[in-house]
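Taken from TrEMBL as is:
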- B:20-38: transmembrane segment (TRANSMEM)
- B:44-65: transmembrane segment (TRANSMEM)
- B:77-96: transmembrane segment (TRANSMEM)
- B:102-121: transmembrane segment (TRANSMEM)
- B:128-147: transmembrane segment (TRANSMEM)
- B:175-193: transmembrane segment (TRANSMEM)
- B:220-244: transmembrane segment (TRANSMEM)
- B:264-288: transmembrane segment (TRANSMEM)
- B:300-324: transmembrane segment (TRANSMEM)
Amino acid sequence: MTDLNKHSLETEGLTKAFGGVRAVDDATVSFQEGKINALIGPNGSGKTTFFNCVTGMIRPDSGTVTYQGRNVTGHAPHRIARAGLGRSFQLCRIFPRMTVLDNVLAGVRSKGLVHRLRGAHNPDDIARARELLARVGIEHLERSEARDISYGQQKLLELAGVLMAEPDTIMLDEPAGGVNPALIGRIATLVRELNAEGRTFVIVEHNMELVMSLSDHVVVFDRGRPIASGAPAEVQNDPRVLEAYLGV
Amino acid sequence: MLSASKHEESRTHPGRSVLVMKLVAAAVALGLVLAFPALAPDPFILSVGVVIASYAALAVAWNFVGGLTGYISLGHAAYSGLGGYGTALLITEAGVNPWVSMVVAAVLVGLAAVPIGIASLRVRGASFVIVSIALVLILLLVAQSWADVTGGSNGLRVPRPFGTDVLRPEQHERFFYLFVALTLVALVLWWVIDRSRLGTGLKAIREDEDKAQALGVPTFAYKLVVFVVSAFMTAMAGGMYALWFGSLDPIFQFSILTGSYLVLMSLLGGVRSLLGPVVGAVIVGYAVEFFKNQYGDTQLHLVALGLLLALVVLFMPDGVIPWLTAQFDRFRPGDTSIREVDAAQLAEERKALEEAKS
């Protein structure tokens, strides 16, 4: 088993304000390596902004982000992605006018000009992309344009694209948002399988049933900072969490 | 299962017959293009052919940025103009061989495109369009005011590369082939990039730049590479035009209208397809010359072109080539989302489903 206290992704005093609103406010968080971490909290508690600061989409005002011992604060998103930190987006983002196969191929890692001038449809890349499409269960759609497949299928496609980039840690922003129960089950199974292969997950999710059943470690956000963290059962009964959610 | 995978194969590899048909069509088209000088009835028509061929080279060069990244530049005349003036000045001031001048000027423009790209590719959408227009306007003012070097509005004469004993029609013919060759080089380069991993990254940028970057695509570097390639190829075409036309005037060299023509051509032909800009250049180039001939010195040819653009946007928003492909595909079997199975396969699938249930 992995060391419980091993942290691959940590933030220290992370802060980001929009005008007068501190969306992320002095957040010091650590996620456990090799585990499924969940990040929960009421709407507007800063979860997505936190995600964006960590993955480089937004530059934080202050604080640091450390990934696998390296300070990656303020690095460009593609550098953070190439360091092994992949992510999905809250409202599922895919490349609508590219085929399903090309959507996955866009995630391929390559280095240097020679590698990059290699045909995108080379047998190695295609085989890997098909394997990932088969894994998420939409291999029969590889020739469709991504805008023509259903929302649930697009979510699976986004995950396949993220996997193509060979991440060690995957951050999912509301993977169960707007999808039917059967598909939620499929996504949960996929996350478990991928985790069993050694990938760390950080999941923002509002579906509590899913969070409690899936995650090993839960961090609760309120007003831009963590107010509690621990095993799902512990967090569930924490008075601070109940207050944040129910306003008791 | 076996039959299903076979089905998959035939879907992913377009039939060999389609490939052969495409190659034959390309060979016929190229044959017609190469035969054009021999078929042209008079030197005027031949000169229109040269203009169209130069537009084709420029439009394909434009499409490196416009088609692959979706960044629409209205100011590409900046690079063709600089290429033209660079070529002319290298010949007249430094006594360099004309063809060497053309290449050296294009390399210099490519180098200049690095800082220009670094500055302008930071902004997207409408802002990028405006920055591109600003550049060409600045260059127009500079070229007009700096008369010591550029000749200002009096123009700058460019010596003919083939000497005076080669007659006009002969000149036109040679330049027609040169422009066709330049267009072919640009097409090959575009094709290589389009089908590469780089090309997939660029198309991802066109679709959703932030998402592409989140996947690990170094978006800025990718955009800069095609921007520089585009500026270089545009400058090559501009230099070649200067050698053919023999005189340069800032108002025509650094013209927003030229940039707009390139956008119109590419949109009309289809920015996502290899040959889109070429098809667009033939249609728009011919239309421009035709309307100019019809309406003389009035500006009515611009009105006519505007109407053409409106019609394209209304009825073929993706351009002529994708529209034609769609019409063609309607009469082709297969390629529906409904998978056809025969009774035996259906029974097999049902059996598998039953087994899974129990």
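Cβ coordinates are placed from backbone N, Cα and C, and glycine is handled just like the others.
Unlike curated records, TrEMBL annotations are generated automatically.
Tertiary proximity for the transmembrane segment (B:44-65) is limited to same-chain residues at least six positions away from its ends with a CB under 8 Å from its CB atoms, namely 36-37, 71, 73, 76, 80, 169, 172-173, 175-176, 179-180, 182-183, 186-187, 189-190, 193, 223, 226-227, 229-230, 233-234, 236-238, 240-241, 244, 258, 261-263, 265-266, 269, 271, 276-278, 280-282, 284-286, 289.
Residues 257, 264, 266-273, 275-276, 279-280, 283-284, 287-288, 291-292, 294 of the same chain lie 6+ residues outside the transmembrane segment (B:300-324) yet bring a C-beta within less than 8 angstroms of a C-beta in it.
The stretches the transmembrane segment (B:175-193) and the transmembrane segment (B:77-96) do not meet in space: the count of Cβ pairs below 8 angstroms, excluding pairs fewer than 6 apart in sequence, stays at fewer than three. Under 8 Å from some Cβ of the transmembrane segment (B:220-244) lie the Cβ atoms of residues 50, 54, 57-58, 60-65, 68-69, 71, 76, 79-88, 98, 101-103, 105-110, 112-114, 116-118, 121, 158, 160-161, 171, 175, 178-179, 182, 185-186, 189, 193, 198, 201-202, 205, 253, all in the same chain and six or more residues away from its ends. If one looks beyond the transmembrane segment (B:102-121) by at least 6 residues along the same chain, the residues whose Cβ comes under 8 Å of a Cβ in the stretch are 71, 79, 82-83, 85-87, 90, 96, 128, 131-132, 135, 220, 223-224, 227-236, 239-240, 242-243. Non-local neighbours of the transmembrane segment (B:128-147) in the same chain are 71-78, 81-82, 85, 116, 119-121, 153-154, 250-251, 253-256, 259; each lies 6+ residues outside the stretch with a CB under 8 Å from one of its CB atoms.
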